[in-house]
Amino acid sequence: MSKPLEGIKIIDFTHVQAGPACTQLLAWFGADVIKVERPGSGDVTRSQLRDIPDADALYFTMLNSNKRSLTLDTKTPEGKEVLEKLVKESDVLVENFAPGALDRMGFTWERLSELNPKLIVASVKGFSDGHHYDDLKVYENVAQCAGGAASTTGFWDGPPTVSAAALGDSNTGMHLAIGILTALIGRGQTGRGQKVAVSMQDSVINLCRVKLRDQQRLDRVGYLEEYPQYPHGEFTDVVPRGGNAGGGGQPGWVLKCKGWETDPNAYIYFTIQGHAWEPICRALGKPEWIDDPNYATPQARQPHIFDIFATIEEWLADKTKYEAVDILRKFDIPCAPVLSMKEIANDPSLRASGTIVEVPHKERGSYLTVGSPIKFSGLKPEITGSPLLGEHTDEILAELGYSKDQIAHLHAARSV
Ligand code: COA
């Protein structure tokens, strides 16, 4: 089966998570992704949080599958020459260095587009160009704080809280992938490449869209009826942290199930969808609530919402999270068990769909990774192991026209 991005060559000048997540996705879909890494050390994640001495860490292997690795010191004249040749032959260069690093290396946007006017240059930075913080280096949690996620996550009586989901890193990489694919289509129309820039702050803000919705509602009416603070608590002039409240028009909460005293994940998420009230009452054995004016409408229920959740927890007390969901699904109630990473790793449905995959690695043996979350009817992405540092250096140099002697010279000069 041919892959849609076959024939697209990408210089992957990325490191850590945000950039690698983007280029990994493009590699799954067929692009030839050449990871350019510093000789000797490579991407810092190769050695961060290692679980096997001297083998690439999972942090690296899980973000760099399906790529080739070229070691290149792009600060030496020979290294710069190799990069220039590569630029001339490539479609996209992706980078997520600190602000100004690519310019300091001598590869400004002007220089790159002079070398190859069709090149798309895609960058991740912490803040967008011209922002008053645009000189800052940024990691995941910094972006979550600057993007509004932390101030709106957690419980009202606790501090701002970051999410375990990589809203600043992988999410930014996904935004960048969309930008790159758009620029590739644009190039088909104009014949020219362009600069694609995504900031981690902006990508987090994009996912916090509904919190900006809430700020404007709060400014206008002074309260937010779906938050736990309503109607018994106080609102200030900023969107509060809402704990586990549902973010849309459907109240919901994380509820305890059988075994919660010892199992930290014996919970389900339960949603009270407006039109599902009747089936919820029937499932809970509370038919008298169906027409009770204190419960019959979402507005009537809101002041008692935590009493309702407490009643549901009583019903859940003798049911495991799986048993509860199996009953509730029959009543069409939106709910799910709270799954641990261990349960996700072993979930047969996730294995069958290719979302959790086991891939071989030359040094580690096999490891689990997250496969493509995007499913196609005409493409089944095959996830391969990540490359060893410099595994494809000679192969890529030969493709660029370097002779065996020239390659040996580059090695001797430690430029590759
Ligand atoms: N050959 C020679 N030099 C190389 C090289 C190569 N193959 N690859 C990288 N370098 C150099 C860079 O040119 C830079 O040199 P300079 O500082 O002299 O200009 C240097 O390595 C370090 O790069 P830098 O990006 O500053 O790394 P860092 O470890 O100090 O910072 C980040 C890491 C992630 C904080 C920073 O890169 C950053 O803010 N990136 C943008 C936002 C982002 O993507 N954050 C991470 C999300 S996971």
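Don't overthink the numbers, they just go from 1 along the chain as shown.
Heads up, the Cβ atoms here are built off N, Cα and C, so glycines get one too.
Predicted automatically and left uncurated, TrEMBL annotations should be read as such.
According to TrEMBL, the CoA binding site annotation covers 15-18, Arg38, 72-75, 96-98, Arg104, 137-140. Look at TrEMBL and you will find Asp169 tagged as active site, nucleophile. As annotated by TrEMBL, substrate binding site applies to Gly248, Gly249, Gln250.
If you take the C-beta of His15 (CoA binding site) and look for same-chain residues 6 or more apart in sequence within under 8 angstroms, you find Glu37, Asp43, Val44, Thr45, Asn96, Phe97.
Its Cβ taken as reference, Gln250 (substrate binding site) is surrounded by 16 other Cβ atoms within 10 Å in the chains shown. In sequence order, Glu226, Gly246, Gly247, Pro251, Gln273, Gly274 are the residues of the same chain, not among Gly248, Gly249, Gln250, whose CB sits within 8 A of the CB centroid for the substrate site. Only Asp73, Asp169, in sequence order, out of the recorded positions Asp73, Asp169, Gly248 have a CB under 6 Å from ligand 1. Non-local contacts of Gly249 (substrate binding site) by the CB criterion (under 8 A, 6+ apart in sequence, same chain) comprise Glu226, Gly274, Pro298. Mapped onto three states, the DSSP output places Ala18 (CoA binding site) in helix. Here Ala18 (CoA binding site) comes close to Asn96, Val124, Gly168, Asp169, Ser170, Thr172, Gly173, Leu176, Met200: these same-chain residues lie at least six apart in sequence, with C-beta atoms under 8 angstroms from its C-beta.
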